[in-house]
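Quick look at what TrEMBL lists:
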- B:12-34: transmembrane segment (TRANSMEM)
- B:150-171: transmembrane segment (TRANSMEM)
- B:172-225: domain 'HAMP' (DOMAIN)
- B:233-443: domain 'Histidine kinase' (DOMAIN)
Amino acid sequence: MRILVIEDDAATADYIAKGLGEEGYVVDVARNGRDGLYLALNEPFDVIVSDRMLPGPDGLAILRALRASGIATPVLMLTALSEVDRRVEGLEAGADDYLAKPFAFAELRARVRALARRPAPQAEVTELAVGDLRMDLLRRTVARGGRAMEMLPTEFRLLEFMMRHPGQVLTRTLLLEKVWDFSFDPTTNVVDVHVSRVRRKLEAGGEAPMIRTVRGAGYVLAPPAPEGG
Amino acid sequence: MRLPGPRSFAPRVALLVGVVVLVTSFLGAGWGWLRAQEALRRQLDLVLAADAEGLLRDYETYGLRGLADAAAVYARRGGPLRVLLLAPNGHPIAGRLPGAPARLRGFATLSPQEGESRLRALGAILPDGSNLIVATDLALVDRAATALAWTPPIAGGLAALLALVLGFLVARRLERRLAGISTAARAVMAGDLARRLPESGTGDEFDRLADTINAMLARIEALVAEVRQVTDDVAHDLRSPLSRLRQRLEAALARPRAAEADAAMLEGAVAELDQILATFAALLRIARTEAGAGREGFVPVDLSALVEGVAEVYGPVAEEAGRALRAEVAPGQAIPGSAALLRQAVANLLDNALGHGGGTVHVVLRPGPVLSVADEGPGVPPEERGRVLRRFYRLDRSRNTPGTGLGLALVAAVARLHGGQVTLGEGPGGRGLGVTLDLRGEAASSAPALPGAAPGS
């Protein structure tokens, strides 16, 4: 997996490059818009992480140039302007995701992984499966090892998102944004409540746990470990 | 008395008015003078014509001989009327008229030698070819014209002088009032925001202008006070967590390294920082919302679906806390707005009711749309209700519960952005806190809001 990081601030660029490097990605860093655009146009990358404000062409300009050249590499836009309208502007320009600075590294990692794993556009999936967990998207049913479960609509959406990104750490912010379209952090533990409800339903038949809490980061949905998960 | 400087308004206006009045009255009087001369001469011509008529009647009655006698009589008498009778060959038959032409028909002005006054003459050709000329001295007319010639400069001069004085006085008055306004404006500029422009009390244009500017100054003063308040609040509310963070790190530095304790400390520090960042983000969002940012991106928002969606998210949170959330949503309520901000406003209200309130949370969306979120907790005392909508205001009992103290301030800002308003009251049965988000738009918010008499309820 090869990632291009376009970021003019040296400390931030190092922080991102080092962190993603430790995750096993090959990271290229461009320190201005011109180099970034050149690399993005001429080298194959799996994900591009770009600052929005850059010397030379800025993040939005790079994004437009890439999309105009038919390059569909997923782009995660970083910005200090955490505002909704800026977000919309970036997404409209073709960004695949948006992250406000300052961010927790777990948040960046979760989003990069979500983008890197994003399947190429293909025929609509109608069924999701993780381990012995099955989700029928058409009939809106969930079953674990043949045991059917009742899910409330909001729980169903949450589980669907988690099943689409198995094995990835999903942060609370990411879940709020992608599942409920909340572009802010509520003061109450909304995510935890819903995750624990889904978790209880998944384990209601005495099965092994599938949703793991990652301290200080978020949640992971994965098939239970074979031995004493 | 201060001497007006060269750039002063009053003397320049006075001078300008003076010159204009001088020129116009001079031209006016000059025109009158010319007209008067013209009228005098026409009068004279009429007299001449009448005299000639009389003589011609003599001619018709007594013939040329009689006319010659009459002419001789006039010449002898030496009156103002002079008569000259010329034979067809140009020889004088009777009378004397120095400087007369050999033959004259109609009116003419004769200028004899120097020293003698000008003459106005009228000539008539008789049927036998003789030429009768009557003339009269123009000295009278000329003297009158000379006397009247003083009128234009005198009239112009007097009018100009008067204009100069009046113009100076009026301009001086304007200047004084402007100087008063200028002094006050300078004082405001120097930082005295409470200073207001002086008003004379007559209600004239200057008073109306001063009134408008004073209203503007009052608004600016209020805004600056608010900004100052917010800055103080920000400084205060961020200083505490920042100092806590510093103490925590300092204490950790001072003690020997221990992997587990360090990890816990760092985790705590990150949590503290996240809280500070959340406060910043909330402040930014409120500021941008209050500045009206995003209004251009308004789209029709299905408020019913939005409220139902948020209630669905929060229902389990209430249950988990051993409480209940009841939503009663009128279908099909839509307004133009920002879905993201409205969703956050509704979520903030529910966060607030679940975090600080008690008992069942009632979410009701009535047609209008008017949203109310009420709980059955301790509520907010009436005297504190205005303040909880302010940034960072937290009731004493809420100091130790999570939250930035910005939740309701954002709700109020979102309401204003959408042309609505937020009011605080009691929950059902007079218990708890009831927050009403009235989104009926400009028409509703401009209508007089009577406490306890909300229309449509």
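Here the Cβ of each residue, glycine as well, is placed from N, Cα and C on the backbone.
Heads up, TrEMBL stuff is auto-annotated, nobody curated it.
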Residue numbers, six or more beyond the limits of the transmembrane segment (B:12-34), whose CB comes under 8 Å of its CB atoms: 145, 148-149, 151-157, 159-168, 170-171
Mean of the pLDDT scores, which run from 0 to 100, over the domain 'HAMP' (B:172-225): 87
For the domain 'HAMP' (B:172-225), the number of residues DSSP places in helix, strand and coil: 39 helix, 0 strand, 15 coil
